[in-house]
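Student: What follows is a single structure, and I will ask about it in a moment.
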Amino acid sequence: MLDEIPGINRERIKQFAISYALYIMVHCCRSTWSYASGLIIEGNKIEGFTPQFLGYVNFTFLLSMGVSYFLLGQLGDKINPKLFVILGTYPLSALFIILALIFEFTTSPKELYLVLLLLAGMFSSTAWPGLLSIMNAWMPKEQKVIILGIFASCINVGNIAGFINSGITIEILDLSILTPIYISGGLLFIMTIIFHRFIKPKPTITSEHVIQDTSQQPYVSKEVVGVKKLKIWKAWLLPGVAVYALAFGCIKATSMIMGLWLPAYLDYLHVGFVALINIMLDLGAGFGGVIVCYLGVKYQKRATIIVPLLWLGTILMVAINFLKDYDNPYGGYMALNFGVGLFIGGCYNNVAAAIAVELSNNKALKKYKHATATVTSLIMGYGTLFGALNQIVVPYVKDYLFLYCGILAVVGGLLLIVVILTEWKVSDEPDKLNKEIEMH
């Protein structure tokens, strides 16, 4: 057994830490761009770079990432997941540096940024499915959901790192708005090299109970009778996948709007301490993801816990919408954004990591090998595409940004009611479902 091998826990910690740090850098790049884009609009740095155009830029980025999830997701279950990850993170790091160089040394038309963000979306799509596949292979079954809840906080730590990076370099040191982009792109490149060097995609045990490094071996297993690769369109038939994907679309759209638009929204209202307010949102989400995962494991009622939390977060978002009527709303923004992160961000992390892996490990998948990246890509792909569509809507509802996000959260909760009903029934029929999948 894997758990009986000397040094296995130390190796697990190493794999977790390196993977965690890599995705921190991915999101550090994204949040740095989010911060910088708000300042580009405010300072009219690029002709025609308006809030509406930023909506199209964000839409392009998310559309590209969503489509890439669908097109490339299955590849993560067919090749070495370590290779799958770095195929995206190496060019992504270079692209952010190129973006800053173009902005600094040329007068390129604003449409060029659409092309760059389209490429960034494509390269961003490989990291999360590949990393979850690695985590699923390494982490112990009994604690896997809790560990994945902790792992998902790397999204929020990355966002916080990006806002700290931007806040220090721009607001405190008064450096160029491009400086944090150079820094985040460079750190992602360095972290990708470390990941490339030290990550083992899965533990392979020899007869002497030694963990071999499988990173240089082709990720092709021997054919086993009855073992197949799951097609992404068949994954829709798995229990809970379709409903969670639809609900996740609303949750991810809310999170994406908050992440990509909150800095620009606060600048639009001339609110100070933008970086700190954004940090409170992600700080709440990091804690919330762990708490929601823990409660889900303890009570085995995932949707029953998620829906009330989504709606509690909605109440807080509606309250935030009225803060603009006050003279000094900084404390209110910080407190309420922490609450929104705790409730809605916590649910986002839970579905994006723990529930996605749980669904990919469903008993109905006993005939399918390596399904984690496929199921994760399906859920993330649909959620990202729905989030992309909302980027076009946001500029037209910017005065009611939090109210609009609240509506999305309510709809996401309503979609999960069907899962709540299922959770309270004993209806586990994996064999019947297997036949249904085969028939399609």
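Including glycine, each Cβ sits where the backbone N, Cα and C put it.
The domain 'Major facilitator superfamily (MFS) profile' annotation in TrEMBL covers 1-424. Here TrEMBL flags 20-41, 53-72, 84-106, 112-133, 145-165, 177-195, 236-262, 268-297, 304-323, 335-359, 371-389, 401-422 as transmembrane segment.
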Student: Using a Cβ distance cut-off of under 8 Å, indicate which of 20-41, 53-72, 304-323, 371-389, 401-422 has the most pairs with the transmembrane segment (84-106).
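Tutor: Answer is 20-41, with the largest number of Cβ pairs below 8 Å.
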Student: What stretch in 20-41, 112-133, 401-422 has the biggest tally of Cβ pairs under 8 Å against the transmembrane segment (335-359)?
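Tutor: Answer is 112-133, with the largest number of Cβ pairs below 8 Å.
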Student: Could you please provide the mean pLDDT value for the domain 'Major facilitator superfamily (MFS) profile' (1-424)?
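Tutor: Result for the domain 'Major facilitator superfamily (MFS) profile' (1-424): average pLDDT 82.
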